[in-house]
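A.B. asks: This structure is in structure tokens; I'll ask about it shortly.
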Amino acid sequence: MAVQSYAAPPTPWSRDLAEPEIAPTAYVHSFSNLIGDVRIKDYVHIAPGTSIRADEGTPFHIGSRTNIQDGVVIHGLQQGRVIGDDGQEYSVWIGDNVSITHMALIHGPAYIGDGCFIGFRSTVFNARVGAGCVVMMHVLIQDVEIPPGKYVPSGMVITTQQQADRLPNVEESDIHFAQHVVGINEALLSGYQCAENIACIAPIRNELQRQEDPPTLHVEMLTGEKNTMTTDYGTHVRQLLQQGYQISLEYADARRYRTSSWQSGPTLTGQQESQVMAAIAQLLKEHEGEYVRLIGVDPKAKRRVFEEIIQRPGQAAVASSSSSRPSATVNASPVGSLDAAVVAQVRQLLQQGYQIGTEHADARRYRTSSWTSCAPIQSKQEPEVLAALEACLQEHAGEYVRLIGIDQKQKRRVLEQIIQRPQGPVAIAPKTPTPVATSHASVSSGGNDTLLSADLVNQIQDLLRQGCQVITEYADQRRFRTSSWQSGIKITSAQQINDLRSFLAEHQRDYIRLVGVNPQAKQRVLETIIHRPNGKAASNGNSTRGQGFTPRPTASSQGSPSTHSLSQEVIEQVRQLLQQGYTLGLEHVDARRYRTNSWQSGPRIEAKNLNEALAAIQACLQEYSGEYVRLIGINPAGKQRVAEILLQQAAK
């Protein structure tokens, strides 16, 4: 199940866009909410409905084998830190083997020691709870330090240190109760992980199905019947048996086959080749019209060494000449409506040992790059992967679907390619899989595509080559005047520049700017407007090649706003005000009020560079056409005006 985790939003106190760090063995339910610098260690269980937000106080630490139950809220203040067991500062530290139960509130600065139990609806704020404490239900702990091994009865309000020091010690029965709750949640953790593992859940489903529908046995003599196994498969069975491997079978109907949900068949324990072949022939006959595959298992290493489909609906057993070792390729024709380029891309990924995954998003989520993971494709066989891929495209018709190539050893993505849009499938050219942090794929920007200029495409590629993160932001005309930008899509590889074209098409009436972020320095290195409501994209000639992390927009490039109504003197004054650190504002007045000097405050211009300031001024001049408009320069330190410049006079 996909984990819903987000980077911390940019705020006045934090602009590092930190994201959660989740250990591979931890289980985080998709209905939980993780934001910011949250560090989750091994075997942590986070239940649905929890909210862990490190967007103000940061970072958070959640120790190994800790369970966070439904409805828990963990948050922190901008100021205030605690010292964790590793000697570092944290907004919230939760130790190992801690149980935080339903509806509890942990608000930093807060420290919860190892082995603690926090009861239902209890609150810990600006406090330290020592190791081994048992806090019961509806308790408030604030501004105190609870010594280790203390028991806090239900309903108590602990707000003074004298109250904390007088608390009784934990008794044996309290420890047993806390251990009982922890044990239950560890069992839940194992159960949730098993439910997402086909190999674990399949035998349980098969057992339930056998209990509900007892099979009717039909024993028939095989003598005189034509054996459905081919000579090639007889060779494979013989080789597997000679090497000491076990042979088993799996089967699936057409619906389960599309989701790679195979059902386990019998394990053939006999060592006689004739007995094994007879058993396989019997199973093929029983499951006629279904998919059946042959499995070779190494009993010592407890892993599969061979997988091959030997029967398909409407076909006889499939011959194969592959050897008895894990196989990543099967020559097959394209499945259904899949584009030949998609099939070639999948084949290339499988040949290199990568795992295939898919993600989908509707038009609204696509604009914010909020992709949802589809059912995992565990198979390494090309026909099975293509069938599952086609089923995913059919299931999510009318949505965006992208193909993911995953390097399981390095635990990183090597390919992200959109293969379907709401209008239909996408024609793609096969690309060599590379880590998504790099970009050497060529992207066309000329010809019939007028949304992106060649300079802009080159600039994006330069930023990616330098290791920068590339994101987009957009704003309508009203928000643009106040510089209130909203987050758009994130571009992690040159292959996603097509996504940028779609994003520009969807926001034709908005301002869109491109942002380059240095992830190491955690600062923005580029902000440039690439699209305006008139539909024109900026022709960005400011390439970052050879400049390290120092690209900066200039007033003469990057799509600078039209300044035909502003004199060069005014532009120079605006530049000087910005360079001196002054803030800009506007005031407007009609002709009648102008005579009495009764100016009305306009929007405040929170621009970070000359481009944005001039664009915002132009937008205001258009909005207040026919009125007097003047620019105000304000010294934020002294809170006084340093300049008043008349920009526009009322029409007479």
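Glycine too: its Cβ is placed from the backbone N, Cα and C atoms.
What Swiss-Prot records for 1-193 is region 'Does not have CA activity'. Residues or ranges marked as disulfide bond by Swiss-Prot: Cys194-Cys200. The region 'RbcS-like repeat 1, CcmMS1' feature in Swiss-Prot is assigned to 233-313. For 451-533, the entry in Swiss-Prot reads region 'RbcS-like repeat 3, CcmMS3'. Taken from Swiss-Prot, the feature compositional bias 'Polar residues' applies to 537-566. Summarising the annotation, Swiss-Prot assigns region 'RbcS-like repeat 4, CcmMS4' to 565-649 and lists a curator's inference as the type of evidence.
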A.B. asks: Summarise the region 'RbcS-like repeat 1, CcmMS1' (233-313) by DSSP state, stating how many residues are helix, strand and coil.
C.D. replies: 29 helix, 30 strand, 22 coil
A.B. asks: As a quick check of your reading of DSSP, tell me how many residues in the region 'RbcS-like repeat 4, CcmMS4' (565-649) are helical, how many are strand and how many are coil.
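C.D. replies: Tallying H, G and I as helix, E and B as strand, the rest coil: 31 helix, 30 strand, 24 coil.
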A.B. asks: Tally the residues of the region 'RbcS-like repeat 3, CcmMS3' (451-533) by DSSP class, grouping H, G and I as helix, E and B as strand, and everything else as coil.
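C.D. replies: The region 'RbcS-like repeat 3, CcmMS3' (451-533) comes out at 30 helix, 30 strand, 23 coil.
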